[in-house]
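Take a look at the structure set out below.
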């Protein structure tokens, strides 16, 4: 049973205005200093792991109380996650670290339905959270013998005075008609309930980025882990689980040529993935992170509609901002291109759009209605097979067998009897109009309404509720 802790952050808050401080996220002129004090409701011996599965943080922002509900991101790593560095003679040095007791969380702010939070508790609290439409960050202060943290708005981070940074994808580059037309489709709410998909990510860090962080592989690894945690959070809106499968740091030299031409570098990386990477590692989509400054202020590039293709399921992203969340948005943006999305136009609706061509002064964290339609069209028309398997459990790769009560690769439902009104026994696919075939939140081939109780609690525990977008009964993150 998940042990839920109530952790109260008792804050001594000191606003600093006019003075300046340098944090990992950049230079700040306005921030609040807070001193967290952890108070646990359970005896220390009752907590089996170093990091709890579910937590709550209570503290104040701008003098107002805030309660943050957090749940550990169980989908952050695939079951075969590995890290590889390279020796001076280019030999691979592999490691398979234990990542079950990791320190990365997702969450929300109580009484704010539109809030989001992504947090690392590895070395103090490092997080971003959105409340009332504004993005805040919290980071530890490097003050001797204290637990001081800084809380600040994203807008208070000093911005570089430079030309706008942008994606290198053009609307007519490697695109196809079905996704161009997708933003014009009228998609009903029922059609927008996306089937769950799983993307295993392989992240490669080039030698320039390794040098940028003074050869500190541990720092780079933590930075990448936090970025994937952010990507995972943003992709939840599309019911996509993104899990890190491979992290490679080119600590000695680049294994391909990375230059100022983003198209050239991307082409070389794609060819290398096809001929080398796929023979070594299991993954669905690979991204190369680099410190190289590309021509034309480009910070990323990816083929449109390339997901699962051996050469085109790739992206390149420049590590262009000290705030790792901003870089994670760029990584999500480029992966969005691989999933059939184009850049947002004026007619697209979202608060701050992930798929905007130019990096906004305001942090982007939402897919637009156009993106949702384009993604829906892409997975329907092209059915990328590699993202069907759940990387958190061993994949089943045998030939589909009717009625074995196990969804295998390529199946949408367990075939079973030809009389099943939801599942076509000949194809193991859902019948037209069906959203599901079985599950506690499936009723007459349709997802049950969000908020419907699907598992009644026992004792002092809490009920589980349907989420309206899947047939399974998700576990309530606030179980006792």
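Placed from the backbone N, Cα and C atoms, the Cβ positions cover glycine too.
What Swiss-Prot lists as signal peptide is 1-20.
Summarising the annotation, Swiss-Prot assigns N-linked glycosylation site to 259 (among others) and lists sequence analysis as the type of evidence. Look at residue 259 (N-linked glycosylation site): DSSP puts it in coil. Its own atom aside, the Cβ of residue 259 (N-linked glycosylation site) has 14 Cβ atoms within 10 angstroms in the protein chains shown.
DSSP classifies residue 279 (N-linked glycosylation site) as helix under the three-state reduction. The N-linked glycosylation site annotation in Swiss-Prot covers 279 (among others).
In three-state terms derived from DSSP, residue 386 (disulfide bond) belongs to a helical segment. A C-beta separation below 8 Å, combined with a sequence spacing of at least six in one chain, links residue 386 (disulfide bond) to 284, 307, 308, 313. Look at Swiss-Prot and you will find 308-386 (among others) tagged as disulfide bond.
Summarising the annotation, Swiss-Prot assigns Zn(2+) binding site to 333, 337, 343. Other Cβ atoms within 10 Å of the Cβ of residue 333 (Zn(2+) binding site) number 28 in total over all chains.
For residue 334 (active site), applying a Cβ distance below 8 Å and a minimum sequence separation of six or more within one chain yields 167, 169, 287, 300, 301, 302, 315, 316, 317. Annotation source Swiss-Prot lists active site at 334, citing sequence analysis.
For 348-370 (among others), the entry in Swiss-Prot reads disulfide bond, with the evidence type sequence analysis.
Using a 10 Å Cβ-Cβ cutoff, residue 350 (disulfide bond) registers 18 neighbours. Per Swiss-Prot, disulfide bond is recorded for 350-353 (among others).
Confidence over the domain 'Disintegrin' (399-480), given as mean pLDDT on the 0 to 100 scale, stands at 71. Summarising the annotation, Swiss-Prot assigns domain 'Disintegrin' to 399-480.
Using a 10 Å radius centred on the Cβ of residue 428 (disulfide bond) and all shown protein chains, the other Cβ atoms total 20. If you look up Swiss-Prot, you'll see 413-428 (among others) marked as disulfide bond.
Swiss-Prot lists 415-423 (among others) with the feature disulfide bond.
Long-range C-beta contacts of residue 445 (disulfide bond), restricted to its own chain and to partners at least six residues apart, with a cutoff below 8 Å, comprise 421, 422, 430, 431, 433, 434, 435, 436, 437. The disulfide bond annotation in Swiss-Prot covers 422-445 (among others).
What Swiss-Prot records for 436-442 (among others) is disulfide bond. All chains included, 23 other C-beta atoms sit within 10 angstroms of the C-beta of residue 436 (disulfide bond).
According to Swiss-Prot, the disulfide bond annotation covers 441-466 (among others). For residue 466 (disulfide bond), the same-chain residues that are 6 or more apart in sequence and have a Cβ closer than 8 Å to its Cβ are 440, 441, 447, 448, 449, 450, 451, 452, 453, 454, 473, 474.
According to DSSP, residue 454 (disulfide bond) is assigned to a strand segment. Taken from Swiss-Prot, the feature disulfide bond applies to 454-473 (among others), supported by similarity to another entry.
Checking each of the recorded positions (259, 279, 343, 370, 413, 442) against residue 350 (disulfide bond), the C-alpha distance stays within 10 Å for 370. The recorded positions recorded for this entry are 279, 353, 413, 423, and the Cα of 353 lies nearest to that of residue 343 (Zn(2+) binding site). Note on proximity: among 333, 348, 370, the recorded positions of the record, the Cα nearest residue 442 (disulfide bond) is that of 370.
Under the DSSP three-state reduction, residue 334 (active site) is assigned to helix.
Of all the recorded positions in the record (333, 348, 370, 413, 423), the one with the smallest CA separation from residue 279 (N-linked glycosylation site) is 333. When the CA atoms are compared, the recorded positions lying within 10 A of residue 423 (disulfide bond) are 413, out of the candidates 259, 333, 337, 353, 413. The separation of residue 413 (disulfide bond) from residue 353 (disulfide bond), Cα to Cα, is 34 Å. Excluding 333, 337, 343 themselves, the residues of that chain whose CB lies within 8 A of the CB mean position for the Zn(2+) site are, in sequence, 167, 169, 300, 302, 334, 336, 341, 342, 354, 355, 357.
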